[in-house]
Each structure stands twice: as structure tokens, then as C-alpha cells.
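Quick notes on the structure that follows.
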Amino acid sequence: MSAVLTAGGGLTAGDRSIITAINTGASSLSFVGSAFIVLCYCLFKELRKFSFKLVFYLALSDMLCSFFLIVGDPSKGFICYAQGYTTHFFCVASFLWTTTIAFTLHRTVVKHKTDVEDLEAMFHLYVWGTSLVVTVIRSFGNNHSHLGPWCWTQTGLKGKAVHFLTFYAPLWGAILYNGFTYFQVIRMLRNARRMAVGMSDRVDQFDNRAELKVLNRWGYYPLILIGSWAFGTINRIHDFIEPGHKIFWLSVLDVGTAALMGLFNSIAYGFNSSVRRAIHERLELFLPERLYRWLPSNFRPKNHLILHQQQQQRSEMVSLKTEDQQ
């Protein structure tokens with residue numbers, strides 16, 4: 001038991017089992033969500049535009065990060081080391097891809113540039129190159145020990161410091177960059193919208209609702225990284241202050257929210273109107289008519305929704321005529 005407590009930083013074997021189960025379950029959800037976006041990109045040609053290509057790379061990084069979080073086993077040396085390096089590499093790549101999406105949106109909307117597709121090679125060099133560099137630097141502080149269910153975290157003071165500098169420092173740099181960038185984009189669009197309202201007497205309410213929905217969606221993007229890694233950052237700082245004492249509930253929140261990052265990204269970035277439209281069109285082609293009624297309204301093909309509404313209107317008219325005759 002003493003060996004378990006030492007390796008787990010004060011956690012019991014039961015605590016470690018619970019955290020491991022949470023990590024596996026949350027990582028599996030992220031893997032499925034990210035794999036779904038990757039599959040949609042591969043199957044639907046209409047999604048292979050530059051903007052969604054960046055989302056594809058983000059989902060691919062999340063998928064591989066989630067996969068290695070699942071397969072890591074602290075009881076097996078080689079697999080443990082492999083998980084530590086690959087998880088670090090792909091998790092860093094994931095939040096770096098979010099900065100390229102923010103940069104692309106800012107360059108297009110705020111600076112009115114149309115050359116973003118020419119920057120794809122630079123994006124790859126920036127994301128994969130930076131991820132490789134910080135992963136190699138992290139190996140210098142690797143003391144070949146693990147903490148809890150993850151082979152990714154370190155127990156030694158030097159390992160903790162290097163881990164913080166090579167992951168959490170660039171992570172919060174990306175969060176600050178994304179937040180500032182989306183703030184500028186949203187402010188730019190809102191100012192343009194006010195000018196449009198001032199120049200016209202009538203504004204399409206439907207367009208307004210759609211624009212506000214998009215603006216609100218962009219505002220949530222930086223919150224995904226904050227929600228995924230805030231508890232992990234607090235836990236790492238706590239490890240510095242009290243290295244021999246682990247807080248169980250904080251470890252649960254750390255592992256659970258971090259492992260769900262891929263799922264959050266797949267929903268926010270990937271499951272957009274273009275993806276839903278592509279799915280609707282395939283459902284309309286292959287799904288039998290009798291199964292439409294069992295689908296939620298937002299998943300039904302558009303033509304079927306129109307037909308369903310027309311049928312409802314006709315049935316209401318028939319019932320009204322019947323009442324009038326009576």
C-alpha cells in the first residue's frame with residue numbers, strides 16, 4: 001500500500017481506480033466525438049473547405065490525444081512513457097490548432113485578407129513543430145515516475161516545473177490569444193451590424209437571430225480551453241505548494257474536464273450548420289420515410305420538415321371545416 005500511496009501522491013488504491021475510470025470514460029467520449037468529425041470530413045466532400053480543414057486537424061489531434069489517454073497504463077513502463085510523450089504532443093497540438101482557427105477568423109473578418117489558404121503550410125509548421133519542440137524539452141525533465149492514472153504528469157520538482165512550462169504556459173498563452181482575438185472579431189461584427197441598422201429602416205429578424213447565434217458561439221470558444229484545463233492548472237499549482245498531499249475531488253475534476261476537451265471541441269467547432277446539413281442530406285437519401293418521425297426536429301431533413309408542416313396545416317384545415325359543418 002505504501003508504494004501505491006507514494007506513486008499516487010497520497011491517493012488510495014480506490015481513489016486511483018475511480019480516477020482511472022473517469023479518465024477512461026471521459027476520454028472515450030472525446031474520442032468518439034472527435035472521430036465523428038474526422039469521419040464527416042472524410043465522407044462529405046462539401047466539407048473539405050479550408051475553414052473546416054482546420055477543424056479536421058483539431059479533431060484529429062483531439063482524437064489521438066484521447067486515444068493515448070485511454071491506453072496509458074502506469075504499470076507498464078514502455079506504454080507509460082509512450083503515453084506521456086504522445087499525450088503531451090497531441091494535446092499541445094490541439095490547443096494550437098484553436099489559435100490557427102482564431103487567427104484565420106481574425107485575418108478574414110477584421111483585416112479583410114483573403115490569403116489565409118496560402119498559410120496552411122505555415123500553420124502545420126507552427127503547430128506540429130511547436131508541439132514537437134515542447135515535447136522534446138519536456139523529456140529533459142522526465143524523472144520516469146507517474147502520478148495517479150496518468151503517465152503524463154510528473155512527481156519530481158524538476159519534472160513538474162518542466163511540465164508546467166512546456167504545457168500550461170503555452171496553453172494559457174493560447175487562451176489569452178483566442179480570447180483577445182475573438183473579442184476583436186465580435187466587436188468588429190457588432191459595429192458593422194450597428195452601421196447596417198442605422199442605414200436601413202428595416203432589419204431582417206431572422207438574419208439578426210442567426211448573427212447573434214454565431215457571435216455567441218464564437219464567444220464560447222475560449223471558454224472551452226478554460227473549462228477543460230482550469231482545474232488541471234490549479235491542481236499543478238497545488239502540487240508545487242504541497243507535493244505530498246493530493247486532493248481527491250480536485251484530481252477528479254482535473255482528469256475529467258481535461259479528458260472531455262475533445263468532446264467539447266467536436267461539439268463547438270465541428271458540429272456546425274454545414275455538418276448538420278450534410279447529415280440531413282444523407283438521411284434524406286438513405287433513411288426510410290417511416291423513420292423520420294422518430295428523429296428530433298433538428299435532425300430531420302429539411303424537405304421532410306416542410307412536408308410534415310404542410311400535412312399538419314392540411315389536417316388543421318380539415319378539422320376546422322368539420323367543426324364549421326357541425
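The backbone N, Cα and C atoms fix where each Cβ goes, glycine too.
Among the features that Swiss-Prot reports, topological domain 'Extracellular' is placed at 2-23 (among others), with the record citing sequence analysis.
The N-acetylserine annotation in Swiss-Prot covers S2.
Per Swiss-Prot, transmembrane segment is recorded for 24-44 (among others).
Residues 101, 104, 116-117, 120, 274-275, 278 of the same chain sit 6 or more residues outside the topological domain 'Cytoplasmic' (45-51) yet have a Cβ under 8 Å from a Cβ within it. Among the features that Swiss-Prot reports, topological domain 'Cytoplasmic' is placed at 45-51 (among others), with the record citing sequence analysis.
Per Swiss-Prot, transmembrane segment is recorded for 52-72 (among others), and the stated evidence type is sequence analysis. Sequence-remote contacts of a segment are chain residues at least 6 beyond its ends whose Cβ falls under 8 Å from one of its Cβ atoms, and for the transmembrane segment (52-72) they are 23-24, 27-28, 30-31, 33-35, 37-38, 41, 79-80, 82-84, 86-87, 90-91, 93-94, 97-98, 100-101, 104, 120, 123, 127, 149-152, 259, 261-262, 265-266, 269-270, 274.
Per Swiss-Prot, the feature topological domain 'Extracellular' maps to 73-84 (among others). Summarised as a single figure, the pLDDT of the topological domain 'Extracellular' (73-84) averages 69.
Positions annotated as disulfide bond by Swiss-Prot: C80-C151.
The transmembrane segment annotation in Swiss-Prot covers 85-105 (among others), and the record cites sequence analysis as its basis.
Taken from Swiss-Prot, the feature topological domain 'Cytoplasmic' covers 106-120 (among others), and the record attributes it to sequence analysis.
Distant neighbours of the transmembrane segment (121-141): 54, 57, 85, 88-90, 92-93, 96-97, 100, 154, 156, 158-159, 161-163, 165-167, 170; these residues of the same chain sit at least 6 beyond its ends, with a Cβ under 8 Å from one of its Cβ atoms. Residues or ranges marked as transmembrane segment by Swiss-Prot on the basis of sequence analysis: 121-141 (among others).
The topological domain 'Extracellular' annotation in Swiss-Prot covers 142-160 (among others), and the record cites sequence analysis as its basis.
Per Swiss-Prot, the feature transmembrane segment maps to 161-181 (among others); the stated evidence is sequence analysis. Outside the transmembrane segment (161-181), and at least 6 residues removed from its termini, the chain residues within Cβ reach (under 8 Å) are 88, 91-92, 95-96, 98-99, 102-103, 105-106, 130, 134-135, 137-138, 140-142, 153-154, 221-222, 225-226, 229, 232-233, 236, 240.
Annotation source Swiss-Prot lists topological domain 'Cytoplasmic' at 182-213 (among others), citing sequence analysis.
Residues or ranges marked as transmembrane segment in Swiss-Prot (evidence: sequence analysis): 214-234 (among others).
If you look up Swiss-Prot, you'll see 235-246 (among others) marked as topological domain 'Extracellular', on the strength of sequence analysis.
Per Swiss-Prot, transmembrane segment is recorded for 247-267 (among others), and the stated evidence type is sequence analysis.
Of all Cβ atoms in the protein chains displayed, 18 besides its own lie within 10 Å of the Cβ of C80 (disulfide bond). Across the topological domain 'Cytoplasmic' (106-120), DSSP assigns 9 helix, 0 strand, 6 coil. Same-chain residues lying 6+ beyond the ends of the transmembrane segment (247-267) with a Cβ under 8 Å from its Cβ atoms: 11, 15, 18-19, 22-23, 26-27, 29-34, 36-37, 58-59, 62-63, 65-66, 69, 91, 94, 98, 148-150, 224-225, 227-232, 234-235, 238.
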